[in-house]
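Annotated features in TrEMBL:
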TRANSMEM  B:21-44  transmembrane segment
TRANSMEM  B:56-76  transmembrane segment
TRANSMEM  B:88-111  transmembrane segment
TRANSMEM  B:117-136  transmembrane segment
TRANSMEM  B:143-163  transmembrane segment
TRANSMEM  B:183-203  transmembrane segment
TRANSMEM  B:215-237  transmembrane segment
DOMAIN    B:279-509  domain 'ABC transmembrane type-1'
TRANSMEM  B:283-304  transmembrane segment
TRANSMEM  B:324-342  transmembrane segment
TRANSMEM  B:349-367  transmembrane segment
TRANSMEM  B:490-516  transmembrane segment
Amino acid sequence: MSQTDTAETRTNRTESQSVSTTTGETVEETQAEWTTYEGGGETKLAVDDLDVHYGSDHALKGVSMDIPEESVTALIGPSGCGKSTFLRCLNRMNDRIRAASVDGTVTLDGENIYQDGVDLVELRKRVGMVFQSPNPFPKSIRENVSYGPRKHGDIETGLLARLTGRADPGREEALVEQSLERAALWEEVRDRLDDNALGLSGGQQQRLCIARCLAVDPDVILMDEPASALDPIATSKIEDLIEDLAEDYTVVVVTHSMQQAARVSDQTAVFLTGGELVEYDDTEKIFENPESQRVEDYISGKFG
Amino acid sequence: MSRVTQTALVRDDRTLYEAAAGLAVGLSGVAFVTGLAALLNIVAIDDPVAGLELSVLFGVVLLGLGATTVGFGVASRFDYVETGAQPSAGIVAAAAFTAIWLAVGAAVSGAAGLGTVGQLGVGVFLGAAAFATTAFPREDIGSTMPAGAVAVLCGLALVTGVVGPGWEQALAGYNATLFGDTVVPAVVLFASLVTGWSAAKAYGGFGARGRNVGAYVLTYLVVGSILAVLVGLVAFVTVRGLPGLFNGFSVGGAGLLSWPFLTNGAGLLADIAGVFPALLGTVWLVIGAVLFAVPTGVGAAVFLSEYAEQGRFTGAVEVATNGLWSTPSIVFGLFGAAFLIPRFGNQKSLIAGMLTLGFMLLPLVLITSREAILAVPDEYRDASAALGVSKWQTIRSVVLPAAIPGVTTGVILGVGRIAGETAPILLTMGGGVLPAKSAAPNVLGGFQLSASPPFVSNPALLEATSALPYQLYALITAGLSGNIQNPQEYAWGLALTLLLVVLVFYAIGIGTRYYFRRKLHQ
Amino acid sequence: MSFTTLQTDWRASIERRLTHTRAFVDDTDPDALAVVLVSMGSLLAAFVGFLLASAWTAVPLGAFLIATGYGWARHQALLARAVTFAMTTVTLITLGLIVVFIFAESIPAFQYETTTVFGVSVPGFGMFAQARWDAVSEPVRYSLLPMIHGTVMVTTIATLVAAPLGVAAALFIAEIAPPRVRELVKPGIEILAGIPSIVYGFIGFTVINPWASGAFALNGGSTYLFVGMVVGLMALPTVVSVAEDALTSVPDVMKNGSLALGATDWQSMTSITLPAAFSGVSAAVLLGVGRAIGETMAATVMLAGVPRISEPLVNVFYGYETLTSLIARGYGSANGVHESALFAAGVVLFVTVLCLSIGSQYIEARMRRRLGGAE
């Protein structure tokens, strides 16, 4: 996509923003300074005027934000504020929920992922996801990691592939090792790659899920409260990993814990009840000097 | 992490290819349905259609489908269209095509008069060729070539008239002969299924997405056929049964409603033979079984889920319950005959039938009630217990009311099931083939008191009584004949009555469940 | 564990239970205890009376009703517990009675068919060592082999129909169908389960048999092929509902994990859901096989009723007799050893299906444990 296209998109976005203001649905903060915030680097994901309805329930209201590449973006807010819904819009996992309807655009590297004819397989290869509770497959550790590449035909292990010499065990081994290494799990499991993944501890399972996601070589990694089911030590390992991953990947992480957001993220978006994005800025700015009174109340624990 | 090559999110435009593949899937579907119609003798294979015999037209369509299917593969292989084809069609497809071509080879060479050895040789040769074609080339070739070839071969056989109307082949030693009338539709069904699947894969652009589309097409076809069979069965019985059921039916007149088929017996005195005794028998049978099984089943479910600690006893009960659930109905019949009949006057009787069906209903009621009780959230119990209410009070006023929807649904569906059972009452209850109205059981008026044990007796319960399913069986074994005007029409009317009785129970059961679920979600 | 420790364990357990009971008796209102004892005692007496076919059964039954009625008004909680316990035992007792009575009735036939094998006489061996069933003309023999062959033929064809179609339909309902379609298909398949078997049999007898007779130029219209297909259709709903339960019990998070990696729905089903639910799906197929084996009426009215083995063995264009149809057709007109032989057929059926049921329960329990570990 050319530079002018991007500029156009941005202008459109500002327009629609003012429209939503005139309808009176959004509160005064929408026009505050942060709306022009564009994050630190090149924009990876641009979300524009995103509305989500679950049946008659309006779960997200006109959310717009630009997510910069190779950084950590935290989404925080009280339960039911729509932050997980927002996250699931970014790889179209909301398509699974049939009552959900999504309006607006999400642009990944200049391509709208909600236009007709989008290949969901290709999208999800590029936008990986890690879930709230660890969900390894009831298979061996090795199979868990190589699952994605196998399904996409990048690695072949079947009987036929072996017969015709297309199977490349060395490549699979290398990919498994590299992904586990990157997820800081290799040292712990290198001797038991053929054990069932369900035998790992919760923290290890979650790092396995991250490794599984990395094996597909995504650009963006979405994490939905990845540490909420884990103990403090496992949590801190995951947090270190997130910071580390941001060197190569665009990480978007939903979290319940403000400390976690403050520790790991470069920019933070605050969602408050009713599915509005209230403020989005550098993490430091949000936690030290937020624009909005509601965000300040929320952060200081007076509200939410 | 920057990628060297970035695949676009939106696939290349291949609208034309997709449209052609979609058309091929649709044409396969039409061929399938027409083939089915020919198999069921709705159309004949020598009917002229557009100047051609239907059989030859089938051949032309299959030839066309086969050629296009191969075309899809070739177009993709030589990159006229961009698809996601993988290096191989996979082991499952390879195995399936091997089996298909092995069978085709054996059948064709058998028809050509080769001996067993020749058949085996040709079959193995073609099977191996199919395996190689499917497994080794890229997926787009592997999943279209063998499929297209099947259709082309079948099409050629039909077009040239090698197989067609008037063709026949005796199966040596099997006491059966194959005719064109059945083989042509069967060939069409099979070949259209294969091309439909292959074209669906092409529609999805092969690869993971193509397999998804191909599998979905087959699954939809399976489910569609099941539903078609269901609708067909019910419609068929209805159409055949309506004349009998409404024989002499009138509204108005002396009584407000006159429905002789349901209110008459089948004796000589009745001008229109009816099924009243059997209908009443079925009603009493169901009432008796429910009176025995429902309190027992619900009580047991309460004990198992509220009082009993999980252990050997509950485990044994669970195994026994599931065992009873799957015990064949005829075994229940044998049990009733051996255990109940000697204890109720040594002859087939209504009460023996009631209890036998009660034994059958018991596990159904127990399983569904237990599920319903376990589905009541523990918070209800805790909340009640926290208020200092005793356990039994909690069960009675909190757990049971909350479980009633599930229990009711289970009982109704269970009753629908046993109301149609024939085997157990065949052995325990008996009854006549064409009972007169006087043979209808008079249970309520039949109770008698006496001074000697057992003090209470009821002859109506101790007599052999007919019920709808049993009467239908008895009519069939009597060769659908009897001392009535039109035994065929009578039997179909009886079958429809039985079907309606059972389906009404099912409709109420499913409706109740739907109603309660809606209420729960509001 | 050695025998002595086992014994002490056992003793300790009894002692514990005794103390427990004593404490319970001490804590309970003596009036309530008496009522419950009278009620349960008279129920037991009534059961024994019924077993002995005594005309006096009515007396303890009346006593039970009176005691229970009185107790219900005064000591409901304790009595409810006792009565529901008694009801729980009914399933166990029923299963026990079925075993005892069917086996007892079949003993004469097993004795009649005693054959000497290597100098040892084995009762019932003759039922499986030769293939003649003839209850009328000499030599009178009661081999079950022809009927077992028929049952195997019908069950095999039925399974070939019910297993793939049933699993596909279960996948459709659990994973593929949009909610509206599911709301239509699920009750549809339940209704299919509700169509009485005699109605299937009636259609088979009046429509399918004559059609098959013409379409394949058969001697008579009875074929294992079409009986098998009809029975398969009847076993289908069992397979669908049990397999669907197994598939939906696989946690959604697992499927989502696969989809989020970019796998298609079909890939997620075949690589995650089906393997995780494999035991449940096989249990469903086993139960379907059990239904097919036990199906009676369609086989009875569609088959020829000749106890003979078809030639060649796999000829599906003959339809002679199955275990179930043998019983349904023969019972009533049979007596003596012949009737007992019908019970022997029932024993074979009962034992086979019970084994299938227990096997499928074992498989299901294993699956529940495995998935439980996953959550």
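Just so it is clear, glycine is given a Cβ too, placed from its N, Cα and C backbone atoms.
These figures come from a predicted structure and were not determined experimentally.
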>> Before we move on, state whether the transmembrane segment (B:183-203) and the transmembrane segment (B:283-304) share at least 3 Cβ pairs under 8 Å, counting only pairs 6 or more apart in sequence.
In response: no
> Hey, which of B:21-44, B:117-136, B:215-237, B:349-367 has the most Cβ-Cβ pairs under 8 Å against the transmembrane segment (B:490-516)?
Replying inline: B:215-237
> When you scan the chain for residues with a C-beta under 8 Å from the transmembrane segment (B:117-136), skipping those not six or more beyond its ends, what do you find?
Replying inline: 88-89, 91, 93-95, 97-106, 108-110, 142-143, 145-146
> Do the transmembrane segment (B:143-163) and the transmembrane segment (B:21-44) come together with 3 or more C-beta pairs under 8 Å, pairs six or more apart in sequence?
Replying inline: no
>> Six or more residues beyond either end and a Cβ under 8 Å away: which residues meet both conditions relative to the transmembrane segment (B:349-367)?
In response: 281, 284-294, 296-298, 300-301, 304, 321-322, 324-325, 329, 332-333, 335-337, 340-341, 407, 410-411, 413-415, 417-418, 421, 424-425, 428-429, 441, 443, 460-465, 467
>> Give the nonlocal contacts of the transmembrane segment (B:21-44) in its own chain as ranges (CB under 8 Å, at least six residues past its ends).
In response: 54, 58, 61-62, 64-65, 68-69, 72, 165, 181-182, 184-186, 188-189, 191-193, 195-196, 199-200, 202-203, 217, 221
> Any residues 6+ beyond the ends of the transmembrane segment (B:283-304) with a Cβ under 8 Å from its own?
Replying inline: 314, 317-318, 350-351, 353-355, 357-366, 369-370, 372-373, 395, 399-400, 407, 411, 414-415, 418-419, 425, 429, 441, 443, 465, 467
